[in-house]
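Enquirer: Below is one structure. I have some questions about it.
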């Protein structure tokens with residue numbers, strides 16, 4: 001027995017060490033920019049570094065109190081990414097703009113929200129009660145940018161923003177979370193039906209037609225985002241989250257296959273019907289064509305400038321503050337990866353990609369460890385969402401796939417994206433806490449006459 | 001600040017980023033490593049000699065058949081394959097119980113590793129494994145009665 005129920009260590013001290021290292025990376029990037037540009041470290045630098053340090057340490061302390069067994073690696077990774085993003089946004093600020101400080105404010109708000117989630121969400125299973133409310137909420141959030149009066153109108157070709165006071169907000173980012181909760185709740189309840197019913201053709205077990213309902217809804221919703229909001233990235237992201245969750249819930253390749261075919265068909269059809277998507281694809285395939293490069297609308301100027309920047313950076317980069325990433329339009333949001341590629345080079349960019357990969361791995365690890373289907377699916381869907389978002393953005397910037405307007409999680413300038421991603425991190429931490437917390441391995445009935453149940457249980461634990 | 005210092009700092013920063021990545025991977029490796037105290041799976045021969053309690057139990061027989069021993073369907077049996085089995089009154093169920101005391105989707109039997117587990121799906125009257133109500137998924141041994149409403153089923157080799 002003693003070999004089985006070995007104590008699980010909280011590993012909060014390792015988190016603290018890694019967190020300090022992550023803060024050194026984040027603040028170091030900021031300091032290095034200032035040094036390279038020949039300016040001194042102003043009060044701005046100390047204020048920003050100070051707030052980030054205090055906020056992330058506060059988050060660490062709240063983990064010590066409320067989620068002792070949470071994964072120790074998630075927080076340092078996210079803090080490092082956020083710090084790097086802050087430094088780069090600051091570096092890209094012209095004397096007229098001030099995205100850096102805005103991003104720092106949003107970072108603090110995001111961390112505060114994450115701390116609130118960690119303090120008040122004791123058990124992630126509570127969220128399961130809000131399965132259908134989440135569905136309605138996601139629908140409202142997705143439709144909001146289209147409602148006259150609140151909509152911020154067409155910004156850069158996509159209608160995904162709403163106006164709140166003087167600021168604009170992207171409700172679709174928050175919908176990522178609510179849609180994850182809905183799918184997790186729905187699939188964990190109806191998994192058996194989807195899994196067991198249906199007809200088998202060869203190796204593929206096809207689902208019954210009426211079980212296809214949620215898939216059709218998810219497909220229609222993502223096509224709707226594409227048609228009405230002109231946002232290919234978000235549309236791919238939502239459907240991708242759904243596909244990955246249904247694949248994990250049923251472990252049936254047929255579902256994933258069906259979904260990918262549907263998505264592909266939808267995208268191709270959209271490419272034929274909507275000129276702006278066709279232009280995007282053209283700008284991707286023929287990026288270096290002078291006509292496409294110089295085109296007024298939907299040209300490849302942005303992506304090609306990004307590629308030139310990364311080529312300029314080479315293997316080890318030009319050094320922070322010494323390249324010209326500001327030549328790329330939207331260098332601090334959509335194209336921030338190109339800016340990092342230029343100034344930190346391939347070596348630095350790969351370190352960033354590694355951090356994302358590790359973050360997704362830790363999310364999946366929490367999903368594997370979670371003891372309930374809902375937690376498994378939610379952790380899996382949220383981390384698959386982060387992974388997919390990185391793939392779509394980095395793939396777009398490096399011209400692997402057509403460029404779409406998604407934000408790079410934690411790096412890109414944008415308050416709504418930062419808020420939503422910090423909440424996602426808090427949820428992953430809560431789920432990983434439940435997953436790593438030691439279980440009560442004592443048998444249900446110690447007074448059982450025969451010793452059988454005890455040995456059965458210990459074996460079950462051993463096998464796991 | 002001179003050029004050399006800046007170059008050193010620039011390269012140093014890249015090294016620092018990778019130090020962070022590798023320390024995260026290092027911490028993760030320890031998480032994945034199965035240490036002596038955390039060891040699961042089959043114990044080595046030496047460990048068994050030192051601690052006889054760790055010895056593997058004799059190989060169990062695998063369940064191949066599900067038999068209804070009591071209730072309206074008494075005498076019926078079905079072969080166990082590799083897919084999970086849904087028990088209940090609903091038409092979707094793998095084994096449709098014509099039992100007024102069973103819920104539509106009552107319980108689920110599913111294979112994991114070499115054994116079968118039973119899990120109650122939130123039924124009204126509950127599922128009993130060896131006269132004990134189920135509160136979570138539990139492994140089912142051969143010939144142990146599972147009671148659902150008035151139906152009793154058992155697994156047979």
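The chain as shown is numbered from 1 upward.
Every residue, even glycine, has its Cβ placed from backbone N, Cα and C.
Curation does not apply to TrEMBL; its annotations are automatic.
These numbers come from a predicted model, not from an experiment.
Here's the feature list from TrEMBL:
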type	residues	note
TRANSMEM	A:41-61	transmembrane segment
TRANSMEM	A:73-92	transmembrane segment
TRANSMEM	A:104-121	transmembrane segment
TRANSMEM	A:130-147	transmembrane segment
TRANSMEM	A:167-188	transmembrane segment
TRANSMEM	A:209-228	transmembrane segment
TRANSMEM	A:234-250	transmembrane segment
TRANSMEM	A:255-274	transmembrane segment
TRANSMEM	A:335-361	transmembrane segment
TRANSMEM	A:373-398	transmembrane segment
TRANSMEM	A:410-431	transmembrane segment
Enquirer: What parts of the chain pack near the transmembrane segment (A:335-361), using Cβ distances under 8 Å and only residues at least 6 beyond its ends?
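Expert: Sequence-distant neighbours of the transmembrane segment (A:335-361): 73-74, 77-78, 80-81, 84-85, 88-89, 91-92, 302, 305-307, 309-310, 312-325, 328-329, 383-384, 386-387, 390, 393-394, 397-398, 408-409, 411-413.
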Enquirer: Decide whether the stretches the transmembrane segment (A:167-188) and the transmembrane segment (A:234-250) have at least 3 CB pairs under 8 angstroms, with pairs required to be 6 or more apart in sequence.
Expert: yes
Enquirer: With pairs 6 or more apart in sequence, are the transmembrane segment (A:104-121) and the transmembrane segment (A:255-274) linked by at least 3 Cβ pairs under 8 Å?
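Expert: Answer no: the transmembrane segment (A:104-121) and the transmembrane segment (A:255-274) share fewer than 3 Cβ pairs below 8 Å.
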Enquirer: Output the single range from A:209-228, A:234-250, A:255-274, A:410-431 maximising the number of Cβ pairs under 8 Å to the transmembrane segment (A:373-398).
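Expert: When the Cβ pairs under 8 Å are tallied, A:234-250 comes out ahead.
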Enquirer: May I ask for the residues of the chain that lie six or more residues beyond the transmembrane segment (A:73-92) and have a Cβ under 8 Å from a Cβ within it?
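Expert: For the transmembrane segment (A:73-92), the list is 15, 18-19, 21-23, 25-27, 29-30, 32-33, 37, 48, 52, 56, 59-60, 63, 99-100, 103-104, 107, 320-321, 325-326, 331-332, 336, 339-340, 343, 352, 355-356, 358-359, 362-363, 408-413, 418, 421-422, 425, 428-429, 432.
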Enquirer: Mind checking which residues of the chain, 6+ beyond the ends of the transmembrane segment (A:209-228), have their Cβ under 8 Å from one of its Cβ atoms?
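Expert: Sequence-distant neighbours of the transmembrane segment (A:209-228): 139, 142, 146, 159, 172, 183, 186, 190, 193-194, 197-198, 234-236, 238-239, 242, 246, 255, 258-259, 262-263, 266-267, 270, 274, 277.
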Enquirer: State the residues, same chain only, that lie 6 or more residues beyond the ends of the transmembrane segment (A:410-431) and have a CB under 8 A from a CB inside it; answer 'none' if no residue qualifies.
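Expert: Distal contacts: 63, 67, 70-71, 74-75, 78, 81-82, 84-85, 88-89, 99, 102-103, 105-107, 109-111, 113-115, 117-118, 121, 123-124, 167, 169-171, 173-174, 176-177, 332-334, 336-337, 340, 352, 362-363, 366-367, 370, 375, 378-379, 382-383, 385-386, 393.
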